[in-house]
Amino acid sequence: MKLKLNWESALLALLIAEILLFGALNPRMLDINMLLFSTSDFICIGIVALPLTLVIISGGIDISLGSTIGLCAIALGVMTQAGWPLWLAVSLTLLLGLLCGLFNAALIHYTGINPLVITLGTLYLYGGGALLLSGMAGATGYEGIGGFPDSFTAFANLTLGGLPLPLVLFAIITFFFWLLAHRGRFGRHLFLLGQNPRAARYAALSVNGIPYVLYGLVGVASAVAALVMVSYFGSARSDLGRDLLMPALTAAVLGGANIYGGSGSILGTALAALLVGYLQQGLQMVGIPNQVSSALSGALLVVVVMGRSLSLHREWVRATWRRLFSHKTIGA
């Protein structure tokens, strides 16, 4: 717990240092209103990174979430375009996200194939479905489907207590997942499953049932992200979630999730999501192209994974270092 608290404190310090650094380059970065309301640009990274953290803790992975967002977004647009009531379209969008997640879990359960391979396949399946729906609706390219009610598009711009509503929603979701992962029996079962699946089976845990809950949560969170993004941009497009996978995965791993399973922190992921989001925002404000920002996110993920791997095998690293150093000393 102390180590986890220290890591989360380090992430908070890094977040503050990042804001101050970009603020020195562009003073607008230090404006409190800009800091608060710019979160609407990237808060969906955190919304999907939180359940993704749970999946990683369990020893799984889901790389189809970006396509799930696109499919849910365009499905919402098609239903709204057809004149369906908004409450029904939103409800069915959430249901679609849940079904996508459950379908991933079912494929993993019944085939026994690695989750990375399964979700890679469904990434293309859901992405293709989104493009098909988009084409059928006549929403090609970057046009998307518009015409949403003002009550829906206003959501992303509303405030509650002076805070943007999407940021408040993210805080509520963070608290929910924190309770789920760190303050209950389900969380203990989750960590045991990731650390030792065989022991989890011997303990009579629902080893096959837990992934359905986890991947279902990723699906629902992807649908929520789709709703927030459509409200924010005012149009539904099949490519809305295309660029969210890498930042979300980076946030989960940077936040403390072990890519091999068995450890992770919801609060760490939430802080890391803000860290990654403000990194992208700050780079844009100082004139760095989006391509460079994406490359830096990828590089950050590689560095974090390498660091985690070295920490897990630190004894081997130390032994190798001593062996190499002793050889050099003898040769001298």
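In case you wondered, yes, glycine gets a Cβ from its N, Cα and C as well.
Source: prediction; values computed, not measured.
As given in Swiss-Prot:
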TRANSMEM  5-25  transmembrane segment
TRANSMEM  43-63  transmembrane segment
TRANSMEM  83-103  transmembrane segment
TRANSMEM  116-136  transmembrane segment
TRANSMEM  160-180  transmembrane segment
TRANSMEM  210-230  transmembrane segment
TRANSMEM  259-279  transmembrane segment
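The transmembrane segment (160-180) is in contact with the transmembrane segment (259-279), judged by 3+ CB-CB distances under 8 Å for residue pairs 6 or more apart in sequence. Against the transmembrane segment (83-103), the recorded stretches 5-25, 43-63, 116-136, 210-230 differ in Cβ pairs under 8 Å, and the greatest number is found for 210-230. For the transmembrane segment (259-279), the partner stretch with the most Cβ pairs below 8 Å, chosen from 5-25, 43-63, 116-136, 210-230, is 43-63.
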